[in-house]
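Peer 1: Here you go, one structure.
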Amino acid sequence: MGAFLTFQKDSDQIYPGWKEKLGYTGESSVQAASFDWQKKAAAAAFVGAQARTGRSTVVRRALDQSSRYADLSLTEEDLVKNGKHVLVAYIMNQGGYDYLATAAHVAAESSTGTNVNVCTTDDFTKTVDALVYYIDPENEEMKIAYPVPLFDRNITDGRAMMCSVLTLSIGNNQGMGDVEYGKIYDIYFPPSYLRFFDGPACSILDMWRILGRDMTDGGLVVGTIIKPKLGLQPKPFGEACYAFGQGGDFIKNDEPQGNQVFCQMNECIPEVVTAMKACIKETGSEKLFSANITADDPAEMIARGKYILGQFGPMAENCAFLVDGYVAGGTAVTVARRNFPKQFFHYHRAGHGAVTSPQTQRGYTAFVHTKISRVIGASGIHVGTMSFGKMVGDASDKGIAYMLQQDAAGGPYYHQKWEGVVQTTPIISGGMNALRLPAFFENLGHSNVILTAGGGTFGHKDGPKQGATSCRQDEEAWKLWKAGTYGDVSLSDGVIEYAKTHEEIKGAFLTFQKDSDQIYPGWKEKLGYTGESSVQAASFDWQKKAA
C-alpha cells in the first residue's frame, strides 16, 4: 500500500479507482512526501503539455526537473572561462512536451537524476548535476553543461575515458519516451580535461619525415586502398602493393581485410614487405603501409600488431596500424594507441553513418565523431570527400579538417582550443581520382592530407603506377595554378594546360571521361582528343602488373 501512496500519479493512471478499493480517503500527496530523509530531495512535479499541431492530440506527461537540472542564468562565456564543464549542444525537437522540462529530464538522466526523487540524494550529489544552460525551442536547440567530476577515470593511471563521456551525453537519454529525437551537433572539452586524454602520438609530420618531405608544408600523401577489397590471395595482394608502390606513397588494407582464411596474415604480410622493399629499392623513395589490426579481443589486436612489426623489422616505422574505430569501439582505439604509440594510428570510421548521417535524428554528427577521434588519439581519420567524391558530404565539411589539424578552431557551436594536442590528419577516400583533387584542394585551402584512392588509381587506364602519379601531378597542377603560372584562367583550364605536357593526367582524362566532361568542359578540344569515350581502364593489361 505504501507504493500506492508514494507514487500516486502512477496509481491514478495504472490503477483507476484504487483509492476507493483500498479505502483511502486522503488527498493526493506530493510524491514521496511521507518519507522524511532528513527533509532532503524535495519531490518533482508532473506537468503536461499539448502535442504540437499535426501530431497526436493526447496530452502527454513529462517529469519536470527543471528546478534542479536547469539554470538558464549561466552564460557560455563563464562556463568556458571557468573550465569545469564539458559542454554539449543538441538538436532536440519539442516532441509534444514542455521543452525545458524535457531538456532538464535529459540532463538529469545524463548525470545524477532518475525518474523519481530518491532518498539517497545528498548535498554533494547536487554539485555534480548536469545543467541545461540554454534552450531555443523554436530552433530545437538545447545545451547542457556536464561537470568534469561526473566522468569516470582509470584506476591504473587516472586518465580520462571517452566511453564515460559518451555513456552520459549520448547514453540513456537516447531511449527516453519524452525525447522524440536528440542529436549532438557539437561538444566542447575544457583544456584542463583534455590533458587527461591520450591524444595522437603521431601525425602526418611523421609520414613527411619518413618520405623525406618538407616538415611544414609536405603536401599530399598519395595512397591507395587495395582493391578488390576482398578476394585477393597473398601473392596477388603483394603484387597489387608492388604495382601501386611504383608511383604512390601509402598503401592500406581496406577495412574488412585482415586474416581471412584465403589470405592469412602470416602469408600476406611477408608478401607486402617484399613488395615494399622492392619498390623502395627501385624508386629510391620510402613507402608506407597501413595494416588492419582490428579485432574483438584486445589480445588478438596486440598479437597482430607484434607479428606485423616483427615482419617489418627495421622498416617498422613505415607501418601504420588501422583500426575500425567506430565498429570496434573506444576500447579497440585505446588498445592500439597505448600498445603501439610509435605507429601512425589510422582510424577508419566504417559504420559511422548509422548514427552520423543527416538522415539519422539521434546520435551525433560526423563532425562530433571526428573531433572525438582526435581527443582519443587518432593520427589520421577518414573524413569523406566533402562532396567531391562519392561519399555523402558537403563542401562546408572542411570545418571538420580544420578542427582536426588546427590548434584552435570553431565548430557549429563551440570554439575549441587544443593547447598543443597533436593534430589528426584528414584521410580522404571514396570515389576520388586525380581529376577531382584540384577542386578539393581549392575548397580546403591546402593539400596536407592523406589520399586513399582505390578505383581512382587502380582504375587508371595505364595502371596503378600511372594512377598514383596522376594524383601527385594534379596536386602540382593546382599549386601552379594557385601561383598564377597559367595566368588569369579558371582552375579547370589550368589543370588542362598542365595535362598537355603530363601523360599520366592526360590518361586520367581519358579514363574517367564522365568526370572529365562534368568538371572540365571542352577538355577534348583543348587536349586535342578526337576519340570516342572508352570503357574505363579497358586498355590496362592487369596481367603485366604495370611494371
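Sequential numbering from 1, following the chain as shown.
Using N, Cα and C of the backbone, Cβ positions are placed for all residues, glycine too.
Here Swiss-Prot flags 1-48 as transit peptide. What Swiss-Prot records for Asn172, Lys229, Arg349, His382, Ser429 is substrate binding site. According to Swiss-Prot, the feature active site, proton acceptor maps to Lys227, His348. Per Swiss-Prot, the feature Mg(2+) binding site maps to Lys252, Asp254, Glu255. The annotation N6-carboxylysine is assigned in Swiss-Prot to Lys252. As annotated by Swiss-Prot, site 'Transition state stabilizer' applies to Lys390.
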Peer 1: Specify the secondary structure state of Ser429 (substrate binding site) as given by DSSP, simplified to three classes.
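Peer 2: DSSP call for Ser429 (substrate binding site): coil, neither helix nor strand.
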Peer 1: Show which residues of the chain containing Glu255 (Mg(2+) binding site), separated from it by at least 6 in sequence, have their CB under 8 Å from its CB.
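Peer 2: Looking at Cβ-Cβ distances below 8 Å from Glu255 (Mg(2+) binding site), excluding near sequence neighbours, one finds Lys229, Asn292, Thr294, Leu322, Asp324, His348, Ala350.
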Peer 1: Secondary structure at His348 (active site, proton acceptor) (DSSP, helix/strand/coil)?
Peer 2: strand
Peer 1: Within 10 Å of the Cβ of His382 (substrate binding site), how many other Cβ atoms can you find? Include all protein chains, please.
Peer 2: 24
Peer 1: Should Glu255 (Mg(2+) binding site) be counted as helix, strand, or coil on the basis of DSSP?
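Peer 2: Going by the DSSP assignment, Glu255 (Mg(2+) binding site) belongs to neither helix nor strand, so it counts as coil.
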Peer 1: With the substrate site defined by the record as Asn172, Lys229, Arg349, His382, Ser429, how many Å span the farthest pair of C-alpha atoms?
Peer 2: 36
Peer 1: Could you tell me which of these recorded positions, Lys227, Lys229, His348, has the fewest other Cβ atoms within 10 Å of its Cβ?
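Peer 2: Lys229, out of the recorded positions Lys227, Lys229, His348, has the fewest neighbouring Cβ atoms within 10 Å.
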Peer 1: Go through the recorded positions Lys227, Arg349, Ser429 and tell me which ones have a CA within 10 A of the CA of Asp254 (Mg(2+) binding site).
Peer 2: Lys227
Peer 1: Taking the centroid of the Cβ atoms of Lys252, Asp254, Glu255 (Mg(2+) site), which other same-chain residues have Cβ within 8 Å of it?
Peer 2: Ile225, Ile226, Lys229, Asn253, Pro256, Gln257, Ser290, Asn292, Leu322, His348, Thr452
Peer 1: What Cα-Cα separation, expressed in whole Å, is found between Ser429 (substrate binding site) and Lys227 (active site, proton acceptor)?
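Peer 2: Spelling it out, the Cα of Ser429 (substrate binding site) and the Cα of Lys227 (active site, proton acceptor) are 13 Å apart.
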Peer 1: I'm trying to understand the geometry here, so how far is the Cα atom of Lys227 (active site, proton acceptor) from the Cα atom of Asn172 (substrate binding site), in Å to the nearest whole number?
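Peer 2: That comes out at 40 Å between the alpha carbons.
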Peer 1: DSSP on Lys229 (substrate binding site), three-state: which is it?
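Peer 2: Going by the DSSP assignment, Lys229 (substrate binding site) belongs to neither helix nor strand, so it counts as coil.
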Peer 1: About how far apart, in whole Å, are the alpha carbons (Cα) of Lys252 (Mg(2+) binding site) and Asn172 (substrate binding site)?
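Peer 2: Approximately 37 Å lies between the Cα of Lys252 (Mg(2+) binding site) and that of Asn172 (substrate binding site).
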